[in-house]
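What Swiss-Prot says about this one:
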- 1-25: signal peptide (SIGNAL)
- 28-109: domain 'IGFBP N-terminal' (DOMAIN)
- Cys32-Cys59: disulfide bond (DISULFID)
- Cys35-Cys61: disulfide bond (DISULFID)
- Cys43-Cys62: disulfide bond (DISULFID)
- Cys50-Cys65: disulfide bond (DISULFID)
- Cys73-Cys86: disulfide bond (DISULFID)
- Cys80-Cys106: disulfide bond (DISULFID)
- Ser139: phosphoserine (MOD_RES)
- Ser157: phosphoserine (MOD_RES)
- Ser169: phosphoserine (MOD_RES)
- Thr170: phosphothreonine (MOD_RES)
- Tyr171: phosphotyrosine (MOD_RES)
- 186-264: domain 'Thyroglobulin type-1' (DOMAIN)
- Cys189-Cys219: disulfide bond (DISULFID)
- Cys230-Cys241: disulfide bond (DISULFID)
- Cys243-Cys264: disulfide bond (DISULFID)
- Ser255: phosphoserine (MOD_RES)
Amino acid sequence: MPEFLTVVSWPFLILLSFQIGVAAGAPQPWHCAPCTAERLGLCPPVPASCPEISRPAGCGCCPTCALPMGAACGVATARCAQGLSCRALPGEPRPLHALTRGQGACVPEPAAPATSTLFSSQHEEAKAAVVSADELSESPEMTEEQLLDSFHLMAPSREDQPILWNAISTYSSMRAREIADLKKWKEPCQRELYKVLERLAAAQQKAGDEIYKFYLPNCNKNGFYHSKQCETSLDGEAGLCWCVYPWSGKKIPGSLETRGDPNCHQYFNVHN
């Protein structure tokens, strides 16, 4: 496994992409890998019966059939049809957790004033969706899971939100506020998370570098590792997943790397 240019945690980076609306200034954003003629040539045809063809979600290249009103949707599914956006169901206690598992629904986009610009609407949604910088500074033990649970808005289908848009800016802002002081983060996954972000911040300063794969540790609310760790790439290829020990983050011997679900529970049934 490459040292850090391997994986990105979908929920955490989606959160970071919106946090920047309330954080400090941003460096140059990273973009998805370009769709080459070769990759486009491998795309399956969209059914002729499809009423609306939409752009692929994430960093994919193949057009898809837009999801209709009421259809199940999520971070990695096809986009909702025009005029709809993917939202967690009312009363859902963990909205983003549900969206990352395709348990949202395509619903009408909320009406916006005619004078509202794309930037201002994103900014207002960001402020409403995430914990403010002041709240973060007063809660140095705030975890990834707590942050994710505070996030409940997804970009409307007409908007194209880069996965890693200004993610490092949020880290830089947190560093400035001493939120990410490694001495304050005692648990292993939390410490590795911010070390990786620091390396990514340094890598982004190198002009001309095009980085399409990243790794961010997937931490639980206690600062340890989720047993399932996955990669997400910006080149449209499905990422690998693997299993680790929650207390150390080290890969479980004999466990496989797969582009699907590695079923990590099976290894704990054996080892416990």
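Positions of Cβ are set from backbone N, Cα and C atoms, glycine also.
Known features from Swiss-Prot, placed on the structure.
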{"residue": "Cys43", "record": "disulfide bond", "contacts (Cβ under 8 Å, 6+ apart)": "Cys61, Cys62, Pro63"}
{"residue": "Cys73", "record": "disulfide bond", "contacts (Cβ under 8 Å, 6+ apart)": "Leu67, Arg79, Cys80, Cys86, Leu99, Gly102, Gly104, Ala105, Cys106"}
{"residue": "Cys189", "record": "disulfide bond", "contacts (Cβ under 8 Å, 6+ apart)": "Pro217, Asn218, Cys219, Asn220, Gly223, Phe224, Tyr225, Gly249"}
{"residue": "Cys241", "record": "disulfide bond", "contacts (Cβ under 8 Å, 6+ apart)": "Lys228, Gln229, Cys230, Glu231, Glu257, Thr258, Arg259, Gly260, Asp261, Pro262"}
{"residue": "Ser255", "record": "phosphoserine", "contacts (Cβ under 8 Å, 6+ apart)": "Trp242, Cys243, Pro262, Cys264, Tyr267"}
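In this view, the densest Cβ surroundings among the disulfide-bonded residues Cys65, Cys80, Cys86 belong to Cys80, judged by other Cβ atoms lying within 10 Å.
Nearest by CA distance to Cys35 (disulfide bond), out of the disulfide-bonded residues Cys50, Cys59, Cys65, is Cys59. In this structure, of the disulfide-bonded residues Cys35, Cys59, Cys106, the smallest number of CB atoms within 10 A of the CB marks Cys35. Cys61 (disulfide bond) counts 19 other C-beta atoms within 10 Å of its own C-beta, drawing on all protein chains shown. Contacts of Cys50 (disulfide bond) defined by a Cβ separation under 8 A and a same-chain sequence distance of 6+ are given as Cys65, Ala66, in order along the sequence. In the three-state DSSP scheme, Cys65 (disulfide bond) falls into the strand class. Within the set of disulfide-bonded residues (Cys62, Cys219), the lowest number of other Cβ atoms found within 10 Å of a Cβ is recorded at Cys62.
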